[in-house]
Amino acid sequence: MSAVDFLAQEKIWFDKTRYDEAERRFYERMNGPSQPAQDVGANSILQDIARARENIQKSLAGLKTTLSKRGSDQPPMSQHSQLSTSSSNSAADQGELVSRIKSLELENQSLHKVVDDLRAALSKLECRVAVLEKSPAAVTPAPAPSVPYTNGTTVQQKTTAPVKEEEEEDDDDDIDLFGSDEDEEADKLKEQRLKEYAEKKAKKPAIIAKSSILLDVKPWDDETDMAKLEECVRSVQADGLLWGTSKLVPVGYGIKKLQIACVVEDDKVGTDMLEEEITKFEDFVQSVDVAAFNKI
């Protein structure tokens, strides 16, 4: 049963709104009208709903009559026709099953063919590998390293390529009468170039690492003679030590510290040596600190 048939046979009280309206009017006459504006709006809505329901009922009734006419015009399906349709459906299913089986057989045959081709290719590859394993492997000689020089030219070092094991025994008996002279000339040229390079490198002046140090020399109190203190500091002399400018920097409570700069060679003079030498003047110097240290 379709939805339309169900709605056509459903019993609905479509005239309920009419009875409600009649009941409302009866009570209004008995009790008097109340809220006329709202009642007019409600009446109009109820009337529209009632009309829509009447139209639905009419359309469903017409649809029901048309369906009943169509059902009476079509003859009932006989048992023979039902059997024929079922047999046709089963035949169609069998035909589809047969076609699927045939397609699977074709696919199986193609897969067998691919497997046979792969087996043939694998056997050929195994044969080639066996042949390569039997034949001796050829060894390629490594490129000879080149030795760079300062004048831009390079000398190629001669290296002998590795020889097969079978040919090594035959080569031992042969004597190279001309190759020894060429090797000696190459060795002489190599030694000469290395000697020239060493001489040029020795002539170049060595780079001396230097540093700029700023020292803070603090006295004991404000009564210390700062001029004498500076004189004592500058009296420290060493190879690779050069004293620079100095100034007095106030610390507090009338005490001033001596801030003095110097340039030192890193290989000859260090900060530890400077602090040790300056602190020897115990009458004037309380402590020595490194305020700044920069490489030159």
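Easy rule for this one: first residue shown is 1, then count along the chain.
For all residues, glycine too, the Cβ spot is worked out from N, Cα and C.
Annotation comment: TrEMBL describes 60-94 (among others) as region 'Disordered'.
Residues or ranges marked as compositional bias 'Low complexity' by TrEMBL: 78-90.
Annotation source TrEMBL lists coiled coil at 101-135.
As annotated by TrEMBL, region 'Disordered' applies to 139-183 (among others).
Under the heading compositional bias 'Polar residues', TrEMBL lists 149-160.
Summarising the annotation, TrEMBL assigns compositional bias 'Acidic residues' to 165-183.
Per DSSP, the secondary structure of the domain 'Elongation factor 1 beta central acidic region eukaryote' (177-201) breaks down as 23 helix, 0 strand, 2 coil. Annotation source TrEMBL lists domain 'Elongation factor 1 beta central acidic region eukaryote' at 177-201.
Below 8 angstroms of C-beta separation, not one residue of the same chain at least six residues beyond the ends of the coiled coil (101-135) sits close to that stretch.
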